[in-house]
């Protein structure tokens, strides 16, 4: 299924039903009083989060949504039926922005959570309500109000505990495949990963969610490559793993590659740049000898001071230990 993380849709809530003008007329009550019922309220439109949905693709092809109108009131004080509410099912982590103001107006972050997008129109009232001592046969009633209209943008930010960051072909997809059941495409060419992937990493009785996004290249902050569009999916991760290929097949410099990604991250968002990151040195199986020494030299060259991990995702070397360390870190954060 194609991954879609941003759509614009138009919403029209239901109109309230009109009130009714009616008078009681029965065989032995030829001049009964007013008995016009109220209309029904118009239906509203809600977002509803579903953990089993992972894309906004359904809203890419259908852009307009209408809730049901309320029914008009009837005689004998019968109220009109309220219009049914409409629920738009979206992935957990979906935010809503008003197109007119470009301001965020809401979000759904938990399974089953709802958020009202537009409110249905208020019902009209029947002539029964207008009876008084001076007006025993009122013909006054009110019309139902129009439902609210709004144009909104839905944005999906994936909810992951750990997010993977790095250049194309750094081995991020191989890593997420090696520690979870996720199956992103893996190949020896740039941008194998075209869309984000989520994988559940199980460590004993615990588990956490890992996200793989398309690789970041130089100029991503200005729109180059695929990384810019998907960098936003890192914002809600509890920590980020910067995956570096220690032995690139194109013979590029791992040090320069590391700083290229860090530079683009800082240009894109200072908030994202300040997020907690761990360094993962990948493809150590391609180093002929002195693996620990070469990794340590790399860490010193980039001036990295935090925790780092050396792995071979393809050979599953060090990946279980990495998963355990990440799980320990996440458990301490709760």
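Glycine is no exception: its Cβ is also placed from the backbone N, Cα and C atoms.
What Swiss-Prot records for 1-159 is domain 'Obg'.
Per-residue pLDDT, averaged along the domain 'OBG-type G' (160-331), amounts to 83 for this model. For 160-331, the entry in Swiss-Prot reads domain 'OBG-type G', with the evidence type sequence analysis.
Taken from Swiss-Prot, the feature GTP binding site applies to 166-173, 191-195, 212-215, 282-285, 312-314.
Annotated Mg(2+) binding site per Swiss-Prot: 173, 193, in sequence order.
In the three-state DSSP reading, residue 214 (GTP binding site) counts as coil. Of all the binding-site residues given, namely 214, 283, 312, those whose Cα is no farther than the 10 Å limit from the Cα of residue 173 (Mg(2+) binding site) are 214. Shown are the binding-site residues 172, 283; the one with the most C-beta atoms within 10 angstroms of its own C-beta is 172.
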